[in-house]
Amino acid sequence: MATLSPLSFLATTKVSASSPSLLPSSSRKPSKASHRIAKVSCNASNPEGEPQNNRRDVLVGLGGLGAAAATFSYNPLALADAVATDVHACNKPSLPPGAKPIACCPPNYENKEPIEYVIPKYTSLRIRTPAHDYADLDKYTKAITIMKSLPDDHPHSWTQQSRIHCAYCHNSYTQVGHKGVEMQVHFSWIFLPFHRWYLYFYERILGKLINDPTFALPFWNWDAPEGMEMPAIFTDRRSPLYNALRNQNHLPPTLVDLNWNGRSTGVDGSGDVEANLATMYRQVYEVKRPLCFYGKPYRAGDKPLSGSGNGSGSIELVPHNTVHSWTGDKTQPNIEDMGALYSAARDPIFYCHHANIDRMWSVWKSFGREDITDPDYQNASYVFYDENLNLVTVKNSDAFDTKKLGYDYKQLDLPWLKYKPTPRRTKAQRHGRKVKKLDLPFTLKDKIVSTVVKRPQTNRSQLEKDEKEESLVFTLQFDRTKHLKFDVLINEEEDYKWANPKYREFAGSFVNVSHAGQDGGATETTFTVGITDLLEQLDADDDDTIIVTLVPQYGDQVIIKDIKISFEECRLR
């Protein structure tokens, strides 16, 4: 097995002591000496984008990083309301019941200060390709083998790379300037940019381990029929890419089910190709407004999942959460590894799955969609070790363009653009069903429930529809340590068999993947479903009310505190 000494990671990196401060205010007591955050300067680069050394080089390695960082202070006063990671407050994670205790904080962290990352000037692109047609498997397995051979406390080791996700998802990190308030990278608009940075450094580290700066990760393109099986490169038991904690009923040739309902008896059937493609159409192409795709705002001081102001975007709920749950091992307490956020990154397939989520972000923007310009979104920041063992801060605004980050995706057809869901019945066939409005709150557990929801406005003009998405908004309370899924149908009968994404009456799904936070499992969040196009197709644009049917699929009970229709939830304000 290949081995690598930590000393081989020693690197010389130019540090500019005059760089501006990046991170926002902290209530932490200042250090005795007054210092400044530094930038890792990569202005001069070779053809592969590797930084060149200059006359103010500082030797940085496992030991050198601590010495170099001692000359810079964490001065988090530059930003006002953008969330930022407090590098001086990393704690034991809050874990779901049944999980074995683990530590998720990075090594050698306490006495080190972050330096602002400057993206190298890339002159060529790393091209990420589909996992089922991946040509660099030998490089990939070699890099993972080396990573897994490193000591557990090495920042580039497999153990430490996988724990990054745990630290940012399970109440290890807190927010700068807000003592004790959890830093959480799911359930809000920072979900996509955080994971883009995570994969960026993971990919760069793997390339560094094999001395190949052109190395690119594969992506699991479950959005196309040829990629809907679990990629074979992850199923070879002799490979370092293999993980035993996966659902054994879902190995090839079983197809992924992007709307998986967690059936627990017998051998699970394959996913439905047409239903998968219709799911992609609904969750990506049909979501036109940014806050419904990215997720709700998350600002400094916000306590995650503790009020109705937060919520996941469409891409995070489905297919992100469903593929996590579909892949994880149902014999484990929390469907580990992929089925629980604290353990998901232990499985090499995690990074392949997230590469396709990242690709979907690029695809969504290619449709001409509006991006988020709110400074609290753009300036949100995180801390990582880069490939040269620098502890660096990065922010969202530098992650919007993959080409700026030196990579792109192989251009593929998008078959799901042709799979717009179609109505199961005509308006005349749906007419006559009588449903009463339920009193709120009510509990959804193991029976299908229907209620009537009044629409504040009907027959809107096309301009009004283009400017404001009509959205069905739920306020939910549930135990976040438990897996949970329910589907939403509009103007449909109460029957599980009609909860099928191929039908236009199917509006969407709420899906929770097991995790824990400051309050254990206590959770309140919003779930938003855009219904403008759906109502047009159902010929219900002039209806004063709609019938909303909730179909519980698996998991614990959820309390429905509120259901309303809004024209503001998806719009940037």
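Glycine residues also receive a Cβ, built from the backbone N, Cα and C atoms like all the rest.
Curation does not apply to TrEMBL; its annotations are automatic.
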Seminar exercise, completed: Bonded to CYS104 via a disulfide in TrEMBL, from among CYS42, CYS166, is CYS166
Exercise. Considering the candidates CYS42, CYS90, which is the cysteine that TrEMBL reports in a disulfide bond with CYS105?
Worked result: CYS90
Problem set entry | Distal contacts, the domain 'Tyrosinase copper-binding' (186-203) - CB-CB under 8 A, six or more residues away | 83, 126, 161, 164-165, 168-169, 215-217, 290-291, 294-298, 304-305, 310-313, 315-316, 341, 351, 354-355, 357-358, 361, 372, 377, 380, 382, 384-387, 394, 396, 399-400, 402, 405, 407, 515, 525
Exercise. Roughly how many Å separate the Cα of CYS90 (disulfide bond) from that of HIS354 (Cu cation B binding site), to the nearest whole number?
Worked result: 25
Problem set entry | C-beta crowding around HIS320 (Cu cation B binding site), within 10 angstroms | 26
Exercise. Considering only the recorded positions CYS104, CYS105, HIS165, CYS166, HIS186, HIS195, which fall within 10 Å of HIS320 (Cu cation B binding site) when distances are taken between Cα atoms?
Worked result: none
Exercise. Using the Cβ centroid of HIS165, HIS186, HIS195 as the reference point for the Cu cation A site, which residues of the same chain not in that list have Cβ within 8 Å?
Worked result: TYR168, CYS169, VAL185, PHE191, PHE194, TYR198, LEU341, HIS354
Problem set entry | Long-range environment of the domain 'Tyrosinase copper-binding' (347-358) - Cβ separation under 8 angstroms, sequence gap at least 6 | 128, 131, 144, 165, 192, 195-196, 198-199, 202, 217-223, 230-231, 234, 240-243, 245-246, 315, 319-320, 323-324, 327, 337-338, 402
Exercise. Cα of HIS186 (Cu cation A binding site) to Cα of CYS105 (disulfide bond): how many Å, rounded?
Worked result: 18
Problem set entry | HIS165 (Cu cation A binding site) to HIS324 (Cu cation B binding site) - Cα separation in whole Å | 14
